[in-house]
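K.L.:
Structure provided below as C-alpha cells; questions to follow.
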Amino acid sequence: MLVVPSLIDKAMRRDRSDSGIDGASAVLSMLVPMAETPVAFMIATFAVLAVFVVVDLFIIGRRPHVPSTKECVQHIAFFVVAALIFGGIIWAVAGSKPAVEFYSGWMTEYSLSIDNLFVFVIIMSNFAVPKELQKYVLSVGITVALVLRGIFILVGAAIIQRFTWVFFLFGAFLIVTALKLVTGHDDDEEYHENGIIRALRKVMKITDEYDGEKLRTVKNGQRFWTPMLIVFLTIGTTDVMFAFDSIPAIFGLTKDPFIVFTSNVFALLGLQQLYFLLGKLLDKLVYLPVGLSIVLGFIGIKLIMEALSGNSLPFINSGHPVSWVPEVPTWLSLLVIVLALGGSAVASVLKMKQENRKEQAQQVSDGA
C-alpha cells in the first residue's frame, strides 16, 4: 500500500533536483514563462485589461439597467474583436505558436463559460436579484472571479513546473468530466450554496431586501448586510468551482500562465452581456455539452500523452519518458476545438429550427 506514495515522493524529489531552479528563479520563470514574450508587452497587456475591467465595473456597470439586445451585441462584438486583435499582436511579438495557443484557450474558456451561464441564471433567480441590478452583480462577481482565477493559475503553473506527473491527474480529471457531460451526469447546472456562503450566513446579519447597489443598509435602526454581498461572493466562488474544469483544460493547451490568464480574461469580460443575450436561449443549446465533452476529452488525452512523453514516475517505463508517444501540434488542438464547438452550435441551431417548425405545424393543425 505504501509503494505508490513512496514512488511518487521519489518522482517529486527527482523533479526538484532535475529542475535546478531555486525559489527566486522559479517565481521569475513562472511570471515570465517564455522568452519570446517581452516583459513590457505583458505589463502593457495587464494595464489595458485593468482599464477594461475598471471601465466596465465603475462606469458602465454603475448605471442600473437591463442591457438592450443592441448593447449586448455591441459589447460582445467588441471583446471578440479585441481578443482576435490581441491574438494577432501575440503572433507579431512572440510568434505563431503562442498566438494559436491563445486562440485555442480563449475559445475553450468561452465555450465552458457559456455552459456555466446556466448556473448564473439559477443564482440570480435564487437570490431574486432585480433585473436592473443583474449587470452590476455580474460585473463585480466576474471581477472577483478574475482575481481568484489569477491566484489559481499561478498556483497551477507552479505545481506544473515542479511536478510534471500532475498532468496524469489533470488528464484523467478532464476525461471523467467529458464522460459526465456526454452521458448527462454532470451536476454543474444545479446550484447549491458552498461552504463559504453558508459560513457567512451564520456569522453576519444579512437582510433579504436589496437597497440598490449598497452592501450595507439600515433596518429598524440596525445595520445589516444586503443580499448583494452574498450574490457577489456566490458568483465569484461558484465561478472558481467551474475553473477546476476549465483551467486544467487550458493548461493542456499551453503551459504559459500569461496565455492562460489572458484567455480567461477575454472570455469572462464578454460573459455578462452573453448572459442577457442568451439567458432565455441557453436550454436551446442542446448539443453544447457534446461539443464540450469532445474538447475536454481531447485535451485530457493530450495531457496524458504529454505526461508520458515527459514521464518521471518510477512505476511507468522505469521512470523514463515514453519516446513513442507523438506530440500533438498546436494547430491540431485549435482545429479540434473549432470543429467540435462549431459543429455543436450548428447542430443546436438546426435542432431549434426543426422544433420551431414542428410547433408552427402543430399550431396550424390545432387552429384547423
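Glycine is no exception: its Cβ is also placed from the backbone N, Cα and C atoms.
Those TrEMBL annotations? Automatic predictions, nothing curated.
Pasting the feature list from TrEMBL:
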| type | residues | note |
| --- | --- | --- |
| TRANSMEM | 39-60 | transmembrane segment |
| TRANSMEM | 72-94 | transmembrane segment |
| TRANSMEM | 110-129 | transmembrane segment |
| TRANSMEM | 136-159 | transmembrane segment |
| TRANSMEM | 165-182 | transmembrane segment |
| TRANSMEM | 224-251 | transmembrane segment |
| TRANSMEM | 257-278 | transmembrane segment |
| TRANSMEM | 285-305 | transmembrane segment |
| TRANSMEM | 331-350 | transmembrane segment |
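What's the neighbourhood like for these features in this structure?
P.N.:
Same-chain residues lying 6+ beyond the ends of the transmembrane segment (72-94) with a Cβ under 8 Å from its Cβ atoms: 34, 36-38, 41, 45, 102-103, 106, 259, 262, 266, 269-270, 273-274, 276-277.
Among residues of the same chain six or more beyond the transmembrane segment (136-159), those with a C-beta under 8 A of the stretch's C-beta atoms are 26, 30, 33, 53, 56-57, 60-62, 64, 120, 124, 129, 166, 213, 228, 231-237, 239-240, 243, 247-248, 251, 255, 257, 260-261, 264-265, 268-269, 271-272, 275.
Counting residues 6+ beyond its ends, the transmembrane segment (165-182) has Cβ neighbours under 8 Å at 8, 11, 15, 159, 244-245, 248-249, 251-252, 289-290, 292-297, 299-304, 306-307, 310-313 in the same chain.
Within the same chain, residues 100, 103-104, 107-108, 111, 253, 284-288, 290-292, 294-295, 298-299, 302 sit at least 6 positions outside the transmembrane segment (331-350) and bring their C-beta atoms closer than 8 Å to a C-beta of that stretch.
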K.L.:
Under 8 Å between C-beta atoms and at least six residues away from its ends: which parts of the chain pack against the transmembrane segment (257-278)?
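P.N.:
Beyond its ends, the transmembrane segment (257-278) has Cβ neighbours at 30-31, 33-34, 37, 42, 45, 49, 52-53, 56, 66-67, 69, 71-73, 75-76, 78-80, 82-83, 86, 90, 98, 101-102, 105-106, 108-110, 113-114, 117, 120-121, 134-135, 138-139, 142, 145-146, 149-150, 153-154, 156-157, 239, 246-247, 250-251, 285.
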K.L.:
For the transmembrane segment (224-251), name the stretch out of 39-60, 110-129, 285-305 with the most CB-CB pairs under 8 Å.
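P.N.:
Looking only at 39-60, 110-129, 285-305, the most contacts with the transmembrane segment (224-251) come from 110-129.
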